[in-house]
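Take a look at the structure below.
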């Protein structure tokens, strides 16, 4: 859900940059060295998911997987997503350098919210209903939160002039809700079987 460069005015860009720096600082302070491989894994997944996208108005539609990453990384999604978004700007010109801070906040903030809402439910052995609840919840909050924040930023910056584009951006992400939720459930199931210790060690990222 990258917002394009040249859409937002300077005050919004500066506010996004300041908030992004604050989030990155918190994430780096809480990131432990033994968690770097997991952080890199989710950063790579976020990067790959965002490279397959369809431009829609002043944004784009693509898998986000931010809610899933937030479940396991907490505040560490800010530095993780920063690297992924920066590489997307450099190699594919997605978004832009000026809007990088805003895009980071749009993607990472819902991920942190998903972490606080669902991290306590993560267990190595989870019933199917719990995996569905956490996976779907993370997918909906991640994608829905990103869409809501992107819409809020656009309305704050452009008012009613962006109303139709905001509606288009939200409606076009309905399939992403479904796909992100399915993938999140699958990842939770897989990690519970192959890497169960990670399900018990989310506290340090909070």
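Backbone N, Cα and C define each Cβ position, glycine as well.
Note that the structure is a prediction, hence the values are computed from the model and not measured.
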Swiss-Prot annotation (transmembrane segment) - matching range among 115-135, 136-156: 136-156
Beyond the flanks of the transmembrane segment (6-26) by at least 6 residues, Cβ under 8 Å: 58, 75, 78-79, 82, 96, 98-105, 108-109, 112, 153-154, 156-158
Residues from the same chain, set at least six apart from the ends of the transmembrane segment (94-114), whose C-beta lies under 8 A from its own: 1-8, 12-13, 16-21, 23-24, 46, 50-51, 53, 60, 64, 66-67, 69-71, 73-75, 77-78, 81-82, 85-86, 88, 137-138, 141-146, 148-150, 153
